[in-house]
Structures are given as C-alpha cells and as structure tokens.
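Contents: one structure, followed by commentary.
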Amino acid sequence: REKDHAVKEAEEMRQTNGNSVFGSTSAVALTEFSYTEIEEATDNFDDSKKIGSGGCGTVYKGFLRHTTVAIKKFNREGTTGDKEFNDEVETLSRMRHPNLVTLIGVCREAKALVFEFLSNGSLENCLQGEHQREPLSWRMRIRIAADICTGLIFLHSNKPKGIAHGDLKPDNVLLDNSFVCKLADFGISRPLDLTNTTVTPYHRTNQIKGTMGYMDPGYIASGEITAQYDVYSFGVVLMRLLTGKSPLGLPNEVEAALSNDMLQDIIDTSAGEWPTEYTEELARLALRCCRYERKERPNLANEAWGILQAMMNCPDDKCKPPTFFICPMTQVS
C-alpha cells in the first residue's frame, strides 16, 4: 500500500535529515498534517482535483480543516524528490512576504506541502486566456511586474544568505482574488553563498534545471546560479506581459521590433491601449535584463523597481479616459 510505503520513507527521511528542516528555531512554525487528512482533502488525489503539475509534482485543490488550500504532492523519485521537498520547505518556512506564496503546513508521509489557495490561478493561465477570464489590462500587467520585482528583491536580499528562485516563469507566478501576485514553486531555489567579499554571491550545480526560454544562458554554460539568473528570467516575463508571445526566441523578436520601430506590431492588444512611452520603456528594461553579460543587467532594487513604480503612478496626461466619458464641452478647443 502506498501509504505504508510513504510512512516508512518519511521515517527514513527523518533519520537521514534530522528535524532541522521542520523544527528549526529560526523557522516559522508549520502545521503537520496526517496522510489521511491529505487523502480526504484531495479525494484520494483524484484527477478532478488537479490544478497544476510540473517536474517536481502535482498540485491539487483541497478542503482541509475548514479551509480551501492548494496541496503540492511531490513525485516519488528517490533522493532527488526528497531534496526538492526539503529545499522548498527550508526556503518557505523561513520567509514571509506579501509576494511569496504562503506555506501553511506539511505532510511528510505524503511528501506534500499545503499552501494558501490563490483563486486566480497562474499568470500563465491569465496570459493564455484560460477559464474564460477577462484579459489582463496593461495597468494590471505593470502592477504584476512590480509585484514580481518586489518578491525577487526580497529573495535576493534575504539574510544571512540570499535566495535565487531558479525557475521564474508565468506558471510559477500565482494571483490572488485581487490579482496580487505571489512567487511559487521553490523546489529548485538555491542559496547564494558569498565565499569572497569581492565576488558575486552564487551557487554552483552540475545539474542544469529550469525551463527553456527563461534560463540564463550563462547558467547553462557555467552551472552558476546568481541573482542575475532571476533577472534574466524576469526580463523574459516582462516581454510576455508586453506581447503575450511564447518565450522561445522572444528577446530577439522584441529587440528586432524595437530597432525597426515596429514594437507596436507585436504588443498584446488585448491588454488595452498601452501608452507608447511605456511599451518602449518596458521593452528596453526587459532587453537589459536579458543581456548575455550578467554585469550589464540592471539591479532590480536600484533600477527596475523605480521604472515600474513610475509607470504605476501614471500621470493624467498619459492615462486619459476614452473621449465618450468626457463632457463634449470640455473637448472644444
């Protein structure tokens, strides 16, 4: 029986890893759920409860202790699955931020994590127009970009070690009922070790993981994850918010359109009438984020955030309402 196997495996994990992941004094207290509770909440992991899936596992919508939650069940693939499970708990149990998904509890027997449920799904769902949603307006897209930027700044400045998300993409950006975004899926996130005060904090790995189209080319070549890895991914996400297009080859397409004064031809018009100044500024910021040389990419806190904040504080002359909302007498020159 799977449950018996899971209980045995969880006990082996405890003996191997100790309780540091789940019981560190510096970690936020997490609720421990039983395997039976997780089974009942998901109708025994019924397919009808699935709301997402990926390389690390499957996410189910569930009802647990009078609360609607999202339950992420990790794939059972030996030590790799154990590491991703432990890494995600370790990361999220130590951090709370409005733009990071909230981890409520764990079930070691099921190798499952219990998260807050975010009713508007993923940014990818919204960009694809799934579930008959209204398209995201350009204003909402800029706010979402600012939320993502804020979440990344928090991760990268975490003490004593910064955190690189490592797999930033619209699938891993979730939206609550007010369309406030929260970064999710920290299964391959990595601490950034500062081994020398004169070098950039980084994490080196021999296992290349991530999503094509969003992966920093420098990481593919060197295996080094830095905060600038996430900056590259952020640039691609900005381009997707701007154009709605597939990530593969998107930086080249946006650069060519901007150079040939044809940017308006690839803008996602379902977002409404973007101010031209904003589309160009957003495209330039995104392209800077995607530069091959990491040192040429912008600092999120010192540069990117200021640009996005200025766009959110849109002046009246750039955000005029449609003429049919304005009294005709005021339009007479």
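A Cβ is built for glycine as well, from the same backbone N, Cα and C atoms used for every other residue.
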Region 'Disordered' according to TrEMBL, located in which of 1-21, 43-63, 64-84: 1-21
The predicted model's mean pLDDT over the domain 'Protein kinase' (45-312) is 89
